[in-house]
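Structure first, then comments.
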């Protein structure tokens, strides 16, 4: 076999060296120091690589039926992997001699990947990654191949290929033109019917979108591709896409555990490290210098993971971003997804699971709320699921609230609204259901005030006297919405629907609810002081005069109406600057609204406008009743034990002194120190005098003087 691979003594003697066995790591170091002096050895090993490839293909063809790949001679695969890694390391030093090597290695992995054992696959993939890092290959040539090899059952190879693709794209510049071509490759693979390839393409898109690499208006096509994956023929692809759209920070699937980066793996390893005073003390003061460095590195990783979790949680609570924002035709997307939800049939299945239906409902509601769509048949569909005994009822109700906005007619939502009132809020219902129903009613009235009637609001307000704290709190929040919050935040909710005692002291004119489609239109630019300064000027611009003439009709009657309207308006320059009683009244109203708004904000009442309400995600947990009940004895003991984890076991002070290791303290030494003779005598005399004084005092008791003496 050695002769077939070219290991002849004559070939080695031609280079002036002995015929000893070549060590590839040693030869690699020598080639890096002197590339020109080792061209003969390079050509020899390159021929050996080609011969190994041919031999491997012959053995793979003979043992094609075997499950484990090549079982006859595993040394061939090992030698092939070692030579591939060696040539990948020295390729930059011999660009002319090894110009065909990257193409040969790529073809080998593409054609014979299934026949390779696991170790050889990893060696060839690492060699290709090394060539890519040395600029001998570009990512566009290998992206499709690296996505294909992730579909095999080799988990290590899948992790290696996935992490390299993600890290390479992350390191690219934002303005790099290659992003477009790479996106085309991944999106085209996502559109294929092959489930495994489409799944890996979807995971890659979601990971890069989650890491804010392919994020923003310039990469909107990535978000649109993820949204369109909801209509894939494979149910698993559809479920993964729905999960990502509902919470784009987490995509969790059956085979997606490898989607985490090295940072996430470090955070999982570090999560078991406790960050406390004892750990910090040990890392800085105990052990050798090398062990201290290891402990300090562990603590730093733990602190980084904690900060990363805090940052991600703050971003989740504050951000209103969703990939659904980039949809070009949101109405068509919602209608198609709703039709798929209604039919409930997919290829290879008779119907969707209830969990899948729930995810589809939440995505449709999120799309309706974000884009303020008109999907009128969605609300009667939710009415079939809005029942207290249904599983995950709070998520269904949250979707109903999410789908409500000021662009929906109240007549369409009113049947669903009354159904929730009748099913949840009645005397025979459970307290938890009543509290959830009242919270949902409050949120729906906040978005569509026309749903509430006077009789219904007064009946619901009576629940404030309930003995259940959750029910009374929900009823009072509903009353506060129609009383304080409406006036403070300029919401046109009618507080006159309440009873007089619930209405409170009137602070201004009674607000009236808006009609459907009514909006506030400004006649001028608000808070614009520049317009007033321009009016005060005496100069008249010809452009403004011509514009007024063009805006009016050319008839004489229209010109007269324009002149009369201009004469009736009092110019700002002629005003005397003295405030009237009406002005003072408006100032007081504005000051009262400002103070009320500050007070409500301090208590936790923060009511955004309609646009913010539609963009904000409705949390189902906030609709539930969270009342702190009295803890049992076992729960109190658990809390006490949890607070004592960092403490050591209790020991008495005497036991600590007895088991003390080391020398005695200075205080103990002073007690054992012998005093001089004069000090001993003075101490003894002092003690005698004290005893004598105590004895004289403790004699017969003084009973007072006799009266006759």
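Glycine is no exception: its Cβ is also placed from the backbone N, Cα and C atoms.
Where the annotation comes from TrEMBL, it is an automatic prediction and has not been curated.
Checked against TrEMBL, the range among 191-235, 236-280, 281-325, 326-370 recorded as region 'Disordered' is 281-325. Within the model, the domain 'SDA1 N-terminal' (86-466) carries an average pLDDT of 83.
Here the compositional bias 'Basic residues' (650-660) has, by DSSP, the following mix of helix, strand and coil residues: 6 helix, 0 strand, 5 coil.
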